[in-house]
Amino acid sequence: MMKVYFIGTGGGAPSRRGLPAYLVRREGLSILMDCGEGTQITMIRNSLNIMNVNVIAITHLHADHVLGLPSLIQTMGMYDRKERLYILGPEGLKDLLTETFERTYFSPNFPIEFVSSYESQGIRVRPFRTCHVVPSQGYLVEEKDTANLDAERLRREGVTDWRVMRMLKEGKEVPWGDRVLKPEDYLIVKRGIRIAYTGDTRPCETVINSVKGVDLLLHDSTFEQGIDASEYGHSTSTEAATVAREAEVKRLALIHISARYRDTSEMLKQARRIFPMSFVPEDLSFLNLRA
């Protein structure tokens, strides 16, 4: 099971919604996607332990997505963190942090590693290109598929040799009597959970192709229908819903809500006309995803 926490679902100017921050958790692994101003305060006040964050993935260097990161890292240092922190992000992120730390007289006292992708404990985090007004990337969080052997079927067919079963599970074909046992005939594949987060983006083919079939898509929905979001490199609710429909995702979270909207009911209504499995998460809500 994966758990997605919607820490900050707003964007741009502060509002009743926090600035962008989304936490994905699975069995001891915590991945923070974007870190707007105030992220660590919200997490600490709501018992989301910042020290458990293993990976931080930043989409781009606009202030509302990244300015909470230097202070979060400094707090981790003050709490005497020892574990390595992995950071993914666009070009310039490392320089931004280095200069901020120098000018605020802080030197990280735990290992920080900047990586282009991350894989551990059966989870992979990798970027995909988005369509914003500055260099920007979204992220896929993917759980590996698992394969279990249909031992009952094998027994019915008289195959009980554990060595044969092991070879089939390893994906190898096995000669058996006058035929060949093929692994695809006896393996039951359980598809892993897949989550996609766009950060800020226009609707575009690169995003659609990257998020095909995910279980949950968190897509920029800054404005309601009727506003030209292209000038700002953002999307409307109907544009986000169209991406979700074309990419055949399972669920759509409308995020990065502009501060101008206190009531998102019309935004949600617009999206659901196109993609019924849309929702607008509130700050500090969460969603459990099961394969």
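Glycine too: its Cβ is placed from the backbone N, Cα and C atoms.
Taken verbatim from Swiss-Prot:
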ACT_SITE  ASP64  active site, proton acceptor
BINDING   HIS60, HIS62, HIS132, ASP200  Zn(2+) 1 binding site
BINDING   ASP64, HIS65, ASP200, HIS256  Zn(2+) 2 binding site
Entry from the binding-site residues list HIS132, HIS256 having the most other CB atoms no farther than 10 A: HIS256
Recorded positions compared (ASP64, ASP200) - the one with the fewest other Cβ atoms within 10 Å: ASP64
Under 8 Å by Cβ from HIS60 (Zn(2+) 1 binding site), counting only residues of that chain that are 6 or more apart: VAL66, PRO90, HIS132, VAL134, PRO135, SER136, GLN137, GLY199, ASP200
Fewest-neighbour residue among binding-site residues, criterion Cβ within 10 Å, set HIS62, HIS65: HIS62
Spatial separation of HIS256 (Zn(2+) 2 binding site) from HIS62 (Zn(2+) 1 binding site) - C-alpha basis, Å: 13
Separation of alpha carbons, HIS256 (Zn(2+) 2 binding site) and ASP64 (active site, proton acceptor) (Å): 10
